Every structure is written in C-alpha cells, then in structure tokens.
Ligand SMILES: Cc1cc2nc3c(=O)[nH]c(=O)nc-3n(C[C@H](O)[C@H](O)[C@H](O)COP(=O)(O)O)c2cc1C
Ligand SMILES: CC(C)CC(=O)C(=O)O
C-alpha cells in the first residue's frame, strides 16, 4: 500500500477497504454535493500573511475548551456507525482520540453504547444528542450520559429531517445485522434495516423517530433536563447563534453536517465571521465541515473560532487501521498544524490573529 502522507490519502485507502454502501454512507453529501465541495473550497480559498523573524523553536498548540486543557484546538465530531469502518468501532476511535488528550464527541447513533465508550475512554467525553419524538428516550439518554461521566452535550439542530443523500438511496443503505444503534437498543430501536427497497434505511429510521418539531422551546427543555453545558451543533447564521446564547447555549458549533443536510447551504467557513461577530466572545465557537489540513485550524482561529471538529478523516483512519489508523490521522493533522504555526510565525495560539488573513486583491483595489 502507498504510504498515506495526508488525510486525503486516508480517504483513498479507506475506499479500497470498505463496501460500496458503507463508503457511500460516510463520504456522501446531500443532493448534488455542492455544499460538501464548498466546505473544503472555502478553507482552501483563504490565503495567509505569514509573519517572519519570530522565534518559533518552542511551539505550543494547546488551549482550553470548556475549562479543559487540550493539546490542540481540535475535537472529533460526533459521527454514527463507526463499526461500518472497523469491528471495534467507536471503542477503537475513543481510545485513539482520548489517548492523545483530545475530546471525543460520542454520537447518539453510535454502534457501541455510550457506557461502553466511556469505559474505553482515557480522557474527556462530550455526548451528541438527537432529540426523539418520544421525549422519555431523550431524557433517558441525557441521564445515562450524565451517569457515565460525559461532561457536556452537543444538541444537533440541523436534522429536523435527514438530507437526501442519493448514494444511500441508490445503495439502499442498511446497517449490517452485526451493527446496531447500540444506545437505542434498550428502547427496542437498535436496528436500521428494512423500509422501502428504494430508500435509505437511515432515512426511514429518522423520519419515524426524530422530532421534526424541534424549536427554541425544545432547547429550553433540554437545558432544563441537565446541569451540564449544552452546545448547539448545526448553526449557520449569526442571529441563530445569538438566540442560542439567549437560550443558554454554552457553545456554538458552526456546522452544516459535512454537507449532508441542505445542499446549496452555505459553507461553514464563509459564515464563521458573521457568527463570531454575533457571539462576541461570550461562548466558544467551534467549526466543522471541510476541515482537512492543519493550516485550516490556523485559518479558523484567525477568524475567531476557538477550535475545529474533525469529521470524516477520522473514519478513514479507522477503516484503514483501527485505533492505530485514527492515531496516525490525528498525529498527521497535529504535525501539519505545528508546521503551519511555525511558518506563520506563531509560537502559540495566542499569536494567531486576524492580521494573518490576506485581503483579496479586489478588496485592495476598492
Ligand atoms: C458518517 C457520518 C456520520 C455522522 N453522524 C452524525 C451524528 O450522528 N450526529 C451529528 O450530530 N453529526 C453527525 N455527522 C456530522 C459530523 O458531526 C460533522 O458535522 C461532519 O462530519 C463534519 O464534516 P467533515 O466530515 O467534512 O469534517 C456525521 C457525519 C458523517 C460523515
Ligand atoms: C443516522 C443519521 C441520523 C446519522 C447522521 O447524523 C448522519 O448520517 O449524518
């Protein structure tokens, strides 16, 4: 096998190892995948103005997120069904992520229970919450996550219904028999199979069970159920971010679900300035969707984000080599970040500021 030297190489290597249906589920965006592509392109378009003649022999990319010290401003985004990539699924991922001191965000749709993930972890965990029509299920998930030691929630607000992921429809995506929605098993909802043979079973499952009537009142209700911090994941507008803070959100995750929901929706990086401005430093702003290079972290922080969340590349590492594959993906990413910091003249994250951002030539002339 060719050596993987960046995260894109891991995607190619993972594709060779996975079934068409599983790879399609991980890789796909909604519709024409316009937003999926725009996410990566938005990061790529921004150019940086590196600062010279700064002593960068000592470099420290560490930071604090919700009161917890982390070695770099990167968390692993919540993603469902890790066992499609590797038999050890989320357990391998969480060992790799927390082993490097990073925060793992466990998905409601994990193929290991949140309790088993917590038992395998050696560090900080957050729990991603989907709100079910049956509020008792949602309440029970909150209780279980608290009891298992998770320290914050990310409430996902961008899935009132699932986006149309056409790869899944074409492949009639089903979870294999040995992959279960483990957290939902106690409520008799562990299987994602069946439905129409022209649809994705994930679509059928979410249509049946997820609460499409989610509103700001639901955010209040979730907050009333827990004393833990609740971040809102899936915010794409400054006014929604400000409103979220009014409703007690303790963090904003700028996300379009990796281009899997509204196709033609804005890329996350292009709306980051608007959201940073609306938040005014009151809570941390995280960004995901399209982060593929260490230098993207510098770009996000220069615009005012506190951290990024890494999505699909972690699954590619898992598919290629289980825990070791995830460790290697994270190490590569960290090396890229370290290199970018040094070359920008930033010995630490405090040195990253808006002055690093190059204005476009057209703006120069106007
Ligand atoms: C295979 C897959 C499964 C996902 N499952 C969830 C999920 O269960 N809950 C959630 O809030 N977001 C989910 N997401 C969205 C991610 O949390 C994140 O927003 C996205 O992957 C970031 O984009 P990127 O993959 O381009 O880095 C999923 C994404 C992928 C690719
Ligand atoms: C089954 C889905 C709801 C999981 C998810 O969030 C996704 O596939 O993007």
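Cβ coordinates are placed from backbone N, Cα and C, and glycine is handled just like the others.
TrEMBL labels come from automatic prediction, so no person has curated them.
Quantities reported herein were computed from a predicted structural model and do not represent experimental measurements.
The active site, proton acceptor annotation in TrEMBL covers 257. The glyoxylate binding site annotation in TrEMBL covers 25, 165, 257, 260. The FMN binding site annotation in TrEMBL covers 78-80, 107, 128, 130, 156, 233, 255, 288-292, 311-312. What TrEMBL records for 1-362 is domain 'FMN hydroxy acid dehydrogenase'.
When the binding-site residues 128, 165, 311 are checked against ligand 1, 128, 311 have a Cβ within less than 6 Å of one of its atoms.
The residue listed as 'active site, proton acceptor' is 10 Å away from residue 78 (FMN binding site) when you measure Cα to Cα.
Per-site Cβ counts within 10 Å over the binding-site residues 128, 156, 255, 289 peak at 289. Cα separation, residue 128 (FMN binding site) to residue 257 (active site, proton acceptor), rounded: 13 Å.
Annotated pair residue 291 (FMN binding site) and residue 165 (glyoxylate binding site), C-alpha to C-alpha distance, rounded: 20 Å. Of all Cα pairs drawn from 25, 165, 257, 260, which the record names as binding glyoxylate, the longest spans 13 Å. Within 10 Å of residue 289 (FMN binding site), as judged by C-alpha distances, the recorded positions found are 257; the full candidate list was 25, 165, 257. Checking the binding-site residues 80, 128, 156, 255, 260, 291 against ligand 2, the ones whose Cβ sits under 6 Å from it are 80, 260.
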